[in-house]
Amino acid sequence: MQTINGQRAITTARRCRAFRQRSGPALVVRATAAAAPSAKNSKKPNFPFVKIQGQEEMKLALLLNVVDPNIGGVLIMGDRGTAKSVAVRALVDLLPLIDVVEGDPFSSSPTDPKLMGPDVLDRWRRGEKLPMTQMRTPLVELPLGATEDRICGTIDIEKALTQGVKAYEPGLLAKANRGILYVDEVNLLDDGLVDVVLDSSASGLNTVEREGVSIVHPAKFIMIGSGNPAEGELRPQLLDRFGMSVNVATLQDTKQRTQMVLDRIAYETDPDAFAASCRPEQDKLTDRLQAARERLKQVKISNELQIIISDICSRLDVDGLRGDIVINRAAKALVAYEGRNEVKLDDIERVISSCLNHRLRKDPLDPIDNGTKVKVLFKRLTDPEVQRREAEAQKAKEEAAKKAKEGGAAAGAGRPAGAKAGSWSGLGVPTRR
């Protein structure tokens, strides 16, 4: 067996040397993948986003990340059957068609070099005319059994040996470029793989080092993770990499619950007809998101509000500055989504909990959850009525302490000299002479 393996190794080495001699030092790196999918899609439509009942915090966090993808994605944790996956898959239907270079596996933009794959970027620099087409915003789901090569991509050694080309086979990060990458049961995925995905999400680039070849391609996507907290928690270092985090629970409102059941039954009976009936609402929300994206650059936030944000993060002992940055971005995205141009204090209050609740240190003995702590501190620092009541309570406490001190001093005046405070000094009955 050792002899056979040795012969195979020698044969492979000879083929590699011959390949290098034929190819020379300069090699073209090309991606091998199927052509980009067309805008037309015949598969079963997703459940409409506008028909998801309740879960307002989750839906708002998803929409804000569409308005500003730099927020950093969303982590959705909750019980099974709470529409986590349904909401994520429905979100992609709200996104408009995007212009891409035809046949490119990276969904490269025909105009923005920052969103071009290596082959398209090289052609663009040479001044070639790039063929353009349109496609739906990609939604890539990362399975639990995926390997690092499948996620990041790898080098096709067989094509390199047989055709003389160092061919890069794109992974899931390449396919998710300019789209959404969804990781269901993210708390069950290997921490190393989660870290790789989050690194690409934060930087917008994916670097692959394989067989002496270095490939850098754009990987700009919205990272969305979901999971059941009963099955395990993510490490704090990974939690902090998600921009926002929301906790969802089963609907308890009878009216919403009943309507959700009826809509789901109607959808399963005839998905196409149900989706068509919701098309006007879906289109209206799509237009609203597109307008918010265009308005985002015009939104302003005052220096006073930014100081309040940093003050709250400091008082809560939030590690790093990601929390401060995400709150600023989420508040501005909310204002743009609602058609305004200036951030107010109420806007910060609506997003601050979902931006910070996963960044605080957890105390298993503390009955108050992190989201409530954030809301309470925000009220204490910003609500004049709460500040007035706390000031009155503090004043009453100081007065009570002062009276107690004066009472103790008066009682001490009746004790014999040298007697300790609280010692028995007799019954106070006068003695006979």
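Including glycine, each Cβ sits where the backbone N, Cα and C put it.
Where the annotation comes from TrEMBL, it is an automatic prediction and has not been curated.
Taken verbatim from TrEMBL:
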- 159-231: domain 'Magnesium chelatase ChlI-like catalytic' (DOMAIN)
- 309-368: domain 'ChlI/MoxR AAA lid' (DOMAIN)
- 386-433: region 'Disordered' (REGION)
- 386-406: compositional bias 'Basic and acidic residues' (COMPBIAS)
- 412-422: compositional bias 'Low complexity' (COMPBIAS)
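On the 0 to 100 pLDDT scale, the model's mean across the domain 'Magnesium chelatase ChlI-like catalytic' (159-231) is 81. The helix, strand and coil residue counts that DSSP assigns across the domain 'ChlI/MoxR AAA lid' (309-368) are 35 helix, 1 strand, 24 coil.
Here the domain 'Magnesium chelatase ChlI-like catalytic' (159-231) has, by DSSP, the following mix of helix, strand and coil residues: 28 helix, 29 strand, 16 coil.
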